[in-house]
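A.B. asks: Submitted below is the structure of interest, expressed as structure tokens.
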Amino acid sequence: MSEDRQGRSTDTGKILYCSFCGKSQHEVRKLIAGPSVFICDECVELCNDIIREELEEKAQSARSSLPKPREILEVLDQYVIGQNRAKRTLAVAVYNHYKRIESRQKNDDVELAKSNILLVGPTGSGKTLLAETLARLLNVPFTMADATTLTEAGYVGEDVENIIQKLLQKCDYDVEKAQQGIVYIDEIDKISRKSENPSITRDVSGEGVQQALLKLIEGTVASVPPQGGRKHPQQEFLQVDTKNILFICGGAFAGLDKVIQARSTDVGSIGFGAKVKSSERKQEVGKVLAEVEPEDLIKFGLIPEFVGRLPVVATLEELDEPALIKILTEPKNAITKQFKKLFEMENVELEFRPDALSAIARKALKRKTGARGLRTIVESVLLDTMYDLPSQENVSKVVVDESVIEHKSEPYLIYQTPAAPEQKAAGAE
């Protein structure tokens, strides 16, 4: 006997039955044949309903697990000091991004546009830490890329596709997970073109990289080799859709404040109605950056198409001395807490006096390294102590004060007083 693909018997008198529900070919509209089995249209519809319900349940659980903007902000506050405006902007943008993914799964009529994020702020102000904390909170794959190493395809350097390669490595090549991850591209200001006008020569690490990043950030299907590189052309490439990957770009944008100030004071610069530019009105860099407009970024050297694909702009302020002291002591993984833990493992208490914390903050401000330089300073003043301590006995406490930071004095070591030997009771032999 032979059957066609619809399950109709080519031999008369032979009735076929659905292998799942047992109904005959006369009781259903369609019977589909498989290898030695049949399935009717009713069972197919039932299977579709089951799958649809499971997908809806999965979407609901994802929605319930997605933290609200206020909850995101509370977690960011535990790790990042200050920068309240930037944290609020990020919390809302990330929440809306993952709501957008949910709406795409439902096939809603209204398609929500992708909102990638641009972080603008001085070095050491917390841009990278914000992105890392977000990824940890949302439990999604996260990778970082350095824009200065990227070049156009075909030139020496990293291709932009390598960014997706790194993201895949973070989630063990699970394409579904990678397609909902977060990518942080640092030093994005370093790929600005050299002048505001389009270049007639090839700029493979500046404007060329911006052009290469356009489709990746907006949403495209990137072909990525499973094991990286192009050494094995016979390998089957993985197809990764980037339309649901959140891209966060960050940069210090040194000199952008001058571009903004030039724009804001450019109106009426000649004649009786001219605004007088006073040198006394020197604003803080952070406050100036908060007034950034897309036109300022274009004038700085980003191409208009690239700026258009980063609609959410969050600016970070320069950290002052009180903020740096808080960074040293308050976050969950504060630097002083980390070193105290290291000393605790040697059964030694570590104390930082308030004047020492102020001195560390002042030194970081002087070096213009922001929060990133705090660890370097603490590491350098405690290096010799950490070298000698494991070999020393009876040390109970190490104290760091201002003189240790400012004058490179040795930290104070407090020793345990040896216990007095027990005296024998009177009359004992």
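In case you wondered, yes, glycine gets a Cβ from its N, Cα and C as well.
The model shown is predicted, which means the values in this text are computed figures rather than measured ones.
From Swiss-Prot, for reference:
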- 6-59: domain 'ClpX-type ZB' (DOMAIN)
- C18, C21, C40, C43: Zn(2+) binding site (BINDING)
- P122, T123, G124, S125, G126, K127, T128, L129: ATP binding site (BINDING)
A.B. asks: Given a 10 Å Cβ-Cβ cut-off, pick out the one of the binding-site residues T123, S125, T128 that has the most other Cβ atoms nearby.
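C.D. replies: Buried the deepest by this measure is S125.
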A.B. asks: Below 8 Å Cβ to Cβ and six or more residues apart, same chain only. Which residues does that give for G126 (ATP binding site)?
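C.D. replies: Non-local contacts for G126 (ATP binding site): V80, I81, G82, Q83, A86, L316, L319, A371.
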A.B. asks: Within the same chain, and leaving aside P122, T123, G124, S125, G126, K127, T128, L129, name every residue whose CB is within 8 angstroms of the centroid of the CB atoms belonging to the recorded ATP site, in sequence order.
C.D. replies: G121, G250, L316, G370, A371, R372
A.B. asks: What are the sequence-distant neighbours of K127 (ATP binding site), meaning same chain, six or more residues apart, C-beta distance under 8 angstroms?
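C.D. replies: Listed in sequence order, they are L119, G121, D186, G250, G251, L316.
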A.B. asks: Can you tell me whether DSSP puts S125 (ATP binding site) in helix, strand or coil?
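C.D. replies: DSSP call for S125 (ATP binding site): coil, neither helix nor strand.
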A.B. asks: Just give me the nearest neighbour of C18 (Zn(2+) binding site) among the binding-site residues G124, S125, T128, Cα to Cα.
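C.D. replies: Of the binding-site residues G124, S125, T128, T128 has its Cα closest to that of C18 (Zn(2+) binding site).
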A.B. asks: In whole Å, how far is T128 (ATP binding site) from C43 (Zn(2+) binding site) when you measure between their Cα atoms?
C.D. replies: 52
A.B. asks: I need the CA-to-CA distance for C40 (Zn(2+) binding site) versus T123 (ATP binding site), whole Å please.
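C.D. replies: Each residue's Cα considered, C40 (Zn(2+) binding site) and T123 (ATP binding site) end up 64 Å apart.
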A.B. asks: From the centroid of the CB atoms of C18, C21, C40, C43, the recorded Zn(2+) site, which same-chain residues not already listed sit within 8 A by their CB, in sequence order?
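C.D. replies: So the additional residues around the site are S19, F20, G22, K23, V28, L31, F38, I39, D41, E42, V44.
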A.B. asks: Could you tell me which of these binding-site residues, C21, C40, C43, L129, has the fewest other Cβ atoms within 10 Å of its Cβ?
C.D. replies: C21
A.B. asks: Would you count the other CB atoms within 10 A of the CB of P122 (ATP binding site), including those on all shown protein chains?
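C.D. replies: Cβ-Cβ neighbours of P122 (ATP binding site) within 10 Å number 21.
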A.B. asks: May I ask you to report the DSSP-based helix, strand or coil state of C40 (Zn(2+) binding site)?
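C.D. replies: The three-state answer is strand.
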A.B. asks: Around the C-beta of C18 (Zn(2+) binding site), how many further C-beta atoms are within 10 angstroms, looking at every protein chain?
C.D. replies: 22
A.B. asks: Give me the long-range Cβ neighbours of G124 (ATP binding site): same chain, 6+ apart, Cβ under 8 Å, in sequence order.
C.D. replies: L319, A364, T369, G370, A371, R372, G373
